[in-house]
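Record features (TrEMBL):
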| type | residues | note |
| --- | --- | --- |
| TRANSMEM | A:12-37 | transmembrane segment |
| TRANSMEM | A:57-76 | transmembrane segment |
| TRANSMEM | A:88-105 | transmembrane segment |
| TRANSMEM | A:111-130 | transmembrane segment |
| TRANSMEM | A:142-161 | transmembrane segment |
| TRANSMEM | A:192-210 | transmembrane segment |
| TRANSMEM | A:240-261 | transmembrane segment |
| TRANSMEM | A:267-287 | transmembrane segment |
| TRANSMEM | A:294-312 | transmembrane segment |
| TRANSMEM | A:324-345 | transmembrane segment |
Amino acid sequence: MSGLVARLRLAAPAALVPLGAVVVALLVGAVVMAVAGVDPLRGYDAMVRGALSVSNIDFAVASFTAILAMSLAFAVPARMGEYNLGGDGQLALGGISAAVVALYLPAPAIVLLPVCLVAGALGGAALASVSAPLSTRAGVPVIISTLLLSAPAVALTSYLVRFPLAERGSAVPQTSRLPDAAHLPSFPGTSYTNAGLVVVVLVLLLAVRVDSRTPVGYEIRVAGANRGFAAYGGLSVPRLTLGTLVAAGAVAGLAGAIIVMSQPFRFIDDALTAPGYTFAGIAAALLAGGRPALLPLTAALFTVLTVGSAGMERDVDVPRQLGQVLQAVVILVLALRVLAARWVARRARDAVGGKV
Amino acid sequence: MTDLHPDDARPAAGADTPAAELRGITKRFGPVLAVDGVDLVLERGTVHAVVGENGAGKSTLMSVLYGLQRPDAGAVLRNGRELRLRSPLDAIDAGLGMVHQHFRLFGSLTVAENVVYRAEPGRWGVYDRRAAEQRVTELAGRFGLDVDPSARVDTLPLGVRQRVEILKALHRQAEVLILDEPTAVLTPGEVDSLFAVVRSMAAQGTTVALVTHKVREVLEATDRVTVLRDGVVSARLETARTTAGEIVEAMIGRGLKPAVNPRGAVSGEPVLEVSDLRLAAAPGAAGVHGVSLQVRPGEVVGIAGVSGNGQREVVESVLGLRSPDGGSVLLHGQDLAGLGVRERRGRGIAYVPEDRPGMGTAASLSVADNLALGHHRTPPLGSRARLSPRAVRAQAGELVRRLGVKTAGVNAPLASLSGGNAQKVVLARELHHEAPLLVVEQPTQGVDVGAGEEIHRLLLDYRARGGAVLLVSYEISELRALADRVLVMLDGVVTADLDAADATEEVLGAAMVHATRPDDGSSRAGS
Ligand SMILES: Nc1ncnc2c1ncn2[C@@H]1O[C@H](COP(=O)(O)OP(=O)(O)OP(=O)(O)O)[C@@H](O)[C@H]1O
Ligand SMILES: [Mg+2]
């Protein structure tokens, strides 16, 4: 059956479907705006300006950093056919770990900055790593365990920031402001765009390299294509699962650390998960179809949708939720394509009667 | 689809109208012209062989007839009328049936449940088990197909599963039955009973198209032969008036030069030493009960026997894919106990598995990636930390050229290769290890005669360079062509250990028949 699906994939030029998904999403958005009495061109213009105009680009780049990292956190295990839906928990644990280190370790910036980033990565990796033995020993699918572990992890950070780590005298559940030594240096003339972007881009370059030019990257692809073939070749699927999940959790945790080490330099309850970086990252990874090199492009697209919809709300009075709707439409179209391929395959299989 | 004999549902046709006909079929896959203007006439009640080299277009042509592939040009006719085939469902409605090389049965259901799938007898949606089993018994009796309708499919040997596939097609009133390489996975006994069934079906008016690579089968079981070569018909022959030589000539454009097997003196310490290997029997597996064997450098040791008698377990214990309950496996005198597949391969074992789609290849990866597995951590492809995509492609190009693999390029997905060419990819990869021990199962399954001869020569060259080969095959002729010694396995024990000189077709056949129950094992568990 996989042969038939492969044939279908061959038939549709690889780039056409993702592009089509985006076009469909934009058309749906245009219809929604038209129905609401807004000129779609003005609406999209407001959306693009909301993200990319001189006054907004600074904040948009910070969001891009987070979305790019989260897309990587989904894309890495997806390469071997495992789906990490626990980005929120990993992001939050990474953020809180970095905040704790920054608040309690008196050290100069040169030491504190890398230590905080590493702490964040470890926090996210620790959570994600739990899903590996759950999958390879206990048979709990990664897609389920990551999702189920995410909510309690987020809740734990909520508790920490409300009680043991709460800033005294503040009504908002947040930590105190991190010391100056833990502030990521920002680019001249900006307040949000900082070294975090450089860190994430370096991590992405590393991921692209590992994927295409190392034995481990090759083994991950082999395990994703056929587990039986991987086992036959002597590859250790449990180890690869653990490796990809640790890497994914580390990137998500790193994103959390970068967020708390940027303006306003605190861990604020909900501030990491509310903007929907995880979801936008998953959408970007799905749109990139597992090719890490395309992630910057797709992450940029979803950044515009996420950040720009606020501008759209302000300028043309279209609710900002439209941005999320568009993301959902893209995912839906991509999913429909997989379903359509499955349906064709099923019809053929029913015709010949199941499989062993 | 509830009545067993709805002869009236089909248009009446004169006795001389062909049961099915393909006219001017052309099918392209991108740059590859797989089938080019092929005509094929299947006359009623005949068995028609479709033969040709790997990649000649046989499967593609049969897929067009069964509605799995849409042709770019040409027409499919049934009883003289043109069909519009949008999917196999249309083909089934038109009385066509196909048995694929890889069976598509529900392992956890019984034979009867599989046969009547989607045409279940019963009332108000309640499945009538007795009626189903009775129907299957009736149908099986009519065509001499020996099966137990209440057996679970996953406990059956491959040969019996294939009968279930045929029964399924017959139950849907297939009048034209397509068999794509039905014998590739069968033992000689199973092949004989398959052909008896095919002949009895033809005698009752069923038309059969049979794809095969084995000339002997063409001569034994068919009435007409169409030979394909590079997508066009190179010969149309009448079986009674042709010879093996003529068929081979039309297939590959030259005569056969069977690989000569210069048997030299085998010497030296054993490369592989298996002693008193034990594995408990499980439902569906015979287990292994004290098997010992040795393979020396420059020696090919063959294992013969009906599939499912413990060969698979022995091989997997050698490879480390499964851990035995007792006994030892030594490579160059060192015990391999506790070592995984990677370590064992690293110490010098290469392996060509029988299960090509499930184990030997990854269909969605490129030909180059399929050829790299196991070589990807060593020079020239790479090291522990580095893998050069360019070197991967270069080596793949070299191997593809050396073995003559037909492919659009090394970046093409493996799924686009024909069955025999995929088999060559597996062989190329494993031979390239130049490991001291090569374990091969069914090395020429699905491979055309010309390429089969070439593969035999490659294996013998390998042996001549001092390699040790453990060969599992269900084909007596292959064992005779390659092996220096042949062991026969039955129910998990070695029942005969013969020198090549003594392992004549008769002796081996007798050992396997003697070893086997008269019904060739439908009551025993399969692979
Ligand atoms: N889906 C596909 N995409 C691209 N090329 C294909 C596809 N299917 C078949 N081909 C090509 O078409 C040609 C004919 O293939 P086909 O499977 O019909 O050969 P075959 O005669 O059945 O060979 P074999 O004996 O090895 O099974 C081959 O060159 C093959 O690579
Ligand atoms: Mg074929």
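Backbone N, Cα and C define each Cβ position, glycine as well.
Beyond the ends of the transmembrane segment (A:267-287), by six or more residues, the same chain brings 18, 21-22, 63, 66-75, 78, 85, 87-88, 91-92, 95-96, 99, 154, 157-158, 161-162, 165, 172-175, 252, 255-256, 259-260, 294-295, 298-299, 301-303, 305-306, 324, 327, 330-331, 334 to within a C-beta distance below 8 angstroms of the stretch. Counted over residue pairs separated by six or more positions, the transmembrane segment (A:294-312) shares fewer than 3 Cβ pairs under 8 angstroms with the transmembrane segment (A:88-105), which leaves the two as not touching. The transmembrane segment (A:88-105) makes no contact with the transmembrane segment (A:192-210), as judged by fewer than three Cβ pairs under 8 Å among residues 6 or more apart in sequence.
Remote same-chain residues near the transmembrane segment (A:142-161) are listed as 77, 82-90, 92-93, 95-96, 127-128, 130-132, 134-135, 173-175, 241, 245, 267-270, 273 (criterion: CB distance under 8 Å, separation of at least six residues from the stretch ends). Remote same-chain partners of the transmembrane segment (A:240-261), defined as residues 6 or more beyond its termini with a Cβ less than 8 Å from a stretch Cβ, comprise 65-66, 69-70, 72-74, 76-77, 79-80, 82, 84, 86-87, 90-99, 102, 113, 116-117, 119-129, 131-133, 135-136, 142, 146, 175, 178, 182-184, 194, 196, 199-200, 203, 207, 216, 219-220, 223, 230, 267, 271-272, 277-278.
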